[in-house]
């Protein structure tokens with residue numbers, strides 16, 4: 001089944017909702033980076049949220065990057081999305097292992113850490129990208145995005161993100177972001193709070209085979225949910241030999257000349273998709289000449 005995000009509102013327009021199924025996206029990330037279960041969960045949750053946040057942007061050329069540094073053994077988590085919800089991402093230590101919670105659930109916070117920041121960079125085509133840094137509040141990812149929306153955008157939000165992995169494969173992944181609009185009335189707020197209070201976990205809903213449409217109807221029960229559109233999303237890296245070349249330029253003339261002299265070739269990998277690019281001595285000399 002393809003990955004997609006539903007964009008919806010309540011009948012009165014006072015609540016907006018984004019509900020995603022991202023199993024293929026997260027599985028592709030797991031396959032490319034060979035992540036452990038807990039790293040897959042941390043990266044998968046971040047990719048799902050980043051994809052939805054990408055769809056919140058207005059212009060086609062807008063780009064969004066999320067960087068999570070929690071001080072934990074997973075290292076830095078980086079995810080980036082375009083305005084169509086197409087994402088890519090990676091973690092510093094894809095082989096991280098931590099003890100599960102006593103109930104058997106993955107302890108994502110132990111891998112991510114709880115002392116750190118969430119950084120959100122929005123490139124809206126202006127001279128300077130918008131750059132915001134916010135404290136990490138839990139390390140479980142969903143709560144951290146909830147806090148980000150409350151503080152950065154003054155938008156009360158409910159964020160739920162889930163990834164379920166069996167053996168070496170992602171079984172289910174998805175999530176939702178539901179937000180109150182500034183004109184939301186008490187009645188709407190009370191109903192949404194009532195719904196959220198009795199919600200099963202997103203992982204359980206996905207495990208039960210519930211589609212984004214089903215989840216939307218549960219979250220916005222009694223609020224007449226109205227689907228505005230359905231956006232197909234996925235993992236996409238637009239790297240190329242030409243783009244990756246910037247890494248060779250960045251090391252400087254002296255280091256590049258040393259590589260040419262000692263190795264006569266260079267291999268450069270893309271961090272987002274792990275694709276490797278080989279540069280021959282001739283190509284390296286050409287790059288050096290252009291510097």
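Each Cβ is built from the backbone N, Cα and C atoms, and glycine gets one as well.
Annotation comment: Swiss-Prot describes 237-239 (among others) as disulfide bond. Spatially close to residue 237 (disulfide bond) yet at least six residues away along the chain are 88, 270, 272, 273, 275, judged by Cβ distances under 8 angstroms.
In three-state terms derived from DSSP, residue 270 (disulfide bond) belongs to neither a helical nor a strand segment and is classed as coil. Around the Cβ of residue 270 (disulfide bond), a 10 Å sphere holds 20 further Cβ atoms from the protein chains shown. Annotated disulfide bond per Swiss-Prot: 270-273 (among others), in sequence order.
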Residue 239 (disulfide bond) - helix vs strand vs coil (DSSP): coil
For residue 239 (disulfide bond): intrachain residues, at least 6 apart, with Cβ closer than 8 Å: 270, 272, 273, 275
